[in-house]
Every structure is written in structure tokens, then in C-alpha cells.
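Take a look at the structure below.
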Amino acid sequence: MNIEKVIAREVLDSRGNPTVEAEVFLDSGFSGRAIVPSGASTGTHEALELRDGDGRYGGKGVLRAVQNVNEVLAPALVGLDASEQGAVDAAMLALDGTPNKGRLGGNAILAVSLATARAAANELGVPLYRYLGGSNAKTLPVPMMNVINGGAHADNNVDFQEFMVMPVGAPTFREALRYGAETFHALKKVLAGRGYNTNVGDEGGFAPDLKSNEEALEVLLEAIEKAGYEPGKDIAIALDPATTELYRDGQYHLESEGRSLSTAEMVDFWADWVSRYPIVSIEDGLAEDDWDGWRLLTERLGDRVQLVGDDLFVTNPERLARGIETGVGNAILVKVNQIGTLTESMDAIELAKRSRYGTIISHRSGESEDAFIADLAVATNAGQIKTGSASRSDRIAKYNQLLRIEDGLGDRAVYLGRRALR
């Protein structure tokens with residue numbers, strides 16, 4: 001199962017921006033392909049996404065990253081065993097030699113890392129989730145469906161980035177997807193009835209100019225009920241306010257409401273919402289380096305809701321270990337391009353599970369038809385996945401792959417529902 005050839009090319013993501021696609025060819029004739037995603041709101045501590053910075057594509061071209069694959073990584077990987085994922089990833093990390101993959105680019109390294117796993121699975125003739133997770137890979141994730149977009153994901157006056165529905169009361173993944181899709185369509189009617197536009201944002205959710213951040217919760221509850229479900233029982237609410245984007249000079253600025261909050265006031269804000277709405281998960285409720293604030297938030301709400309670190313942990317085992325040691329958060333969002341290799345991503349998931357932290361596999365706002373994360377969610381029995389709304393084919397590709405996996409597992413498939421939450 002030795003690597004014979006590696007090639008990369010520049011392709012486009014769901015926002016029309018360039019990204020890296022890699023193909024790994026084995027001496028057996030089998031191959032694997034992968035496209036890396038790209039984020040809009042990115043954590044400071046993420047692996048470097050190498051962009052060209054020239055006149056092409058407004059500076060967002062990735063020809064340098066492609067060149068690094070074709071001229072630096074490819075020659076070094078020829079002859080390595082594709083089934084030794086750790087060794088392949090370690091070789092690429094050694095070639096890069098920087099803590100943030102800043103020399104070759106996290107996007108270059110990740111594309112090859114994921115394509116290698118696909119090639120190995122293809123040669124063995126097993127589904128990717130089974131190759132990565134073995135015979136115990138059988139848990140379908142509860143979807144976090146981002147149906148209202150704001151913040152950096154939409155051009156509107158909603159401060160918080162994502163308002164999501166979680167079908168925690170569904171019996172199977174297939175039914176969970178139906179619950180979410182029906183709520184999405186009901187929400188469109190609710191918004192139209194209030195005179196709001198029903199255009200969608202980067203992740204397929206609606207992006208209306210609401211009167212306030214809280215109105216997003218109100219229309220969401222109305223949509224859940226109009227779809228025939230009970231808020232909190234059948235469908236709960238999850239939030240990603242992406243507060244790092246709102247944090248300046250020690251204050252959280254809610255521009256749509258014309259006010260700024262201290263860390264303690266932001267914690268009070270979340271406690272109030274949790275007490276009045278069926279919110280079960282808050283991601284990045286405070287800024288990425290507000291560690292003292294995160295401790296306060298965890299002490300206040302950690303036994304009531306899932307507190308997810310995205311920008312806080314950036315899928316980095318070292319930052320996650322710090323969070324575990326200091327009692328910060330209780331769940332991690334896993335984005336493979338934040339850390340830049342499959343091995344490091346799975347290390348972070350394993351550390352989280354050992355420490356009884358929740359795990360959510362996540363897309364980015366700039367996606368593609370590649371559905372790798374669907375297989376990764378099942379492979380690791382993560383229990384939760386965040387991959388957009390019931391709209392846009394780049395999001396639906398992941399849901400459809402999960403439907404295929406559920407069918408393939410048959411009676412062995414497990415859907416945890418509310419039990420998946422930390």
C-alpha cells in the first residue's frame with residue numbers, strides 16, 4: 001500500500017474562493033482525493049492557511065500551497081505506506097518544521113493527509129468510516145443545523161453567528177434530518193410572514209435583518225412549533241455566537257443592540273437566555289483567550305448546558321489539555337483544518353473522550369462536495385456534527401453521506417439523541 005504519486009490542484013470552495021485539492025495514488029492502482037475547507041471566522045491559534053496574496057482571486061489564490069504539495073511533500077512521501085497515517089502525517093510535519101504549519105501551509109498538509117486516508121480505505125475496499133474507526137464505529141451524530149446565520153457568516157444586523165436546531169428527540173439520524181429540514185422550511189414561512197427576506201448565508205441558513213438577537217430565538221421557537229415539534233423535547237437550540245469576533249478592548253460589543261458587556265455581564269447574558277429558552281449548547285460563548293472568563297462561564301453553566309470550545313481549543317491537543325486542567329468548557333469542536341492533519345485531529349478527539357468532554361465534528365463556512373467529516377463523525381463515535389442547514393449542496397453532501405452510512409450499518413446504527421450532549 002505504498003504511495004506512488006501525490007498531486008495537488010487549485011479548486012474552488014462553496015464561496016467561490018480557491019482551496020487545495022490533493023490526490024494520493026498508490027502502487028496498487030488505488031487512489032484517494034480530498035478538498036480542504038476554509039473558515040470565515042478563524043481562531044488566532046489555527047494552523048496557517050497559506051494564501052498567495054497576489055492579484056489573483058483578490059489575493060486568495062492557493063498556488064503556493066499547491067506548489068508545496070507537488071514539489072516538497074510529494075517527493076518525500078513516495079514509498080511511504082499509506083496505511084501508516086501517523087507516519088505520513090509526521091513526515092509532513094517534519095518537512096514543515098513550524099508550530100503552525102506556516103512554511104508549507106496547513107491547507108497543503110491537510111489535503112494530503114485526508115487524501116492518504118481515503119486512498120488506504122479504497123485499497124482495502126472498506127468504507128472510510130470503518131477504515132478510520134474499526135468495527136465499533138456505529139454512532140450516527142446528532143446534527144446541529146445552522147438555520148439562522150449572523151455575524152461573519154451573513155451581511156445582516158444579527159451579532160451572533162449561528163442559531164442552530166438539534167433534533168435531540170428523534171429516534172434515528174434519518175428522522176433527525178427530517179425534523180431539521182421540516183423546521184427549516186417552517187422557519188422560511190415564519191420569516192416571510194414577518195416581512196423578512198429569506199436569503200441564505202454561507203452555511204445555508206437564513207440571514208434576515210431581525211429587530212434584535214433575541215428575535216432569532218423567538219422565530220426559531222415559532223418555527224419548531226409550526227413544524228409540529230415540541231421545543232426542548234423534540235428539537236433543542238444550540239448557539240455559536242462566535243464572541244471572539246465581538247471582543248475588543250476587554251468588552252463584548254453587541255453592535256445591533258448598541259451596548260458593550262464585560263465578561264461577567266456576558267456570562268449573565270448567557271445564563272439569562274439559558275433560563276428562558278431550550279438552549280442545550282453554546283459554542284465560543286466567550287473569546288478565545290478569555291480564559292478567566294471561560295472558567296467563570298463553566299462554573300456558572302457547565303452543569304446545565306454544553307459549553308463548546310472552537311476558537312478556544314482550535315482542535316489543538318495542547319490547548320485542549322490546558323482547558324481540561326483548568327476546568328474550562330466541557331466539549332470541543334473539531335475542525336480538521338484548524339490543526340492541519342488527520343492524526344492530530346484524532347488525537348484531540350481521543351483526549352476529549354478520555355476527559356469526558358463532548359465532541360462535535362464540524363465543517364467550515366467555506367466548504368465543498370467533500371464529505372470526509374461525515375465519515376469522521378461516525379468513525380470516532382463523536383455523537384454530534386455541525387455541518388450547516390438543510391440547504392446548499394455543499395452542506396447536504398455531508399447529510400446524504402450520513403444517510404448512506406446509516407443504511408450500511410443497518411440495525412447496528414446508533415443515534416444517541418439527547419444522550420450525545422455533554
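Glycine is treated like the rest: Cβ placed from N, Cα and C.
Within D240, D249, D268, D347, the residue that Swiss-Prot lists together with E283, D310 for binding Mg(2+) is D240. Of the residues proposed, Q85, Q161, Q251, the one Swiss-Prot records at the same (2R)-2-phosphoglycerate site as K335, R364, S365, K386 is Q161.
Of Q161, E203, R364, S365, all annotated as recorded positions, the residue with the shortest Cα distance to D240 (Mg(2+) binding site) is Q161. Highest Cβ count within 10 Å among the binding-site residues Q161, S365: Q161.
Largest Cα-Cα distance over the residues recorded as binding (2R)-2-phosphoglycerate, namely Q161, K335, R364, S365, K386, equals 17 Å. The two recorded residues, K386 ((2R)-2-phosphoglycerate binding site) and E283 (Mg(2+) binding site), have Cα atoms 11 Å apart. Taking the mean position of the Cβ atoms of D240, E283, D310 as the Mg(2+) site, the remaining same-chain residues with a Cβ inside 8 Å of that point are Q161, E162, L239, P241, A242, I282, D284, V308, D311, L333, K386. Separation of the C-alpha atoms of D310 (Mg(2+) binding site) and K335 (active site, proton acceptor): 8 Å, rounded to the nearest whole number.
The recorded positions listed here (Q161, E203, E283, S365) include no residue with a Cα within 10 A of the Cα of K335 (active site, proton acceptor).
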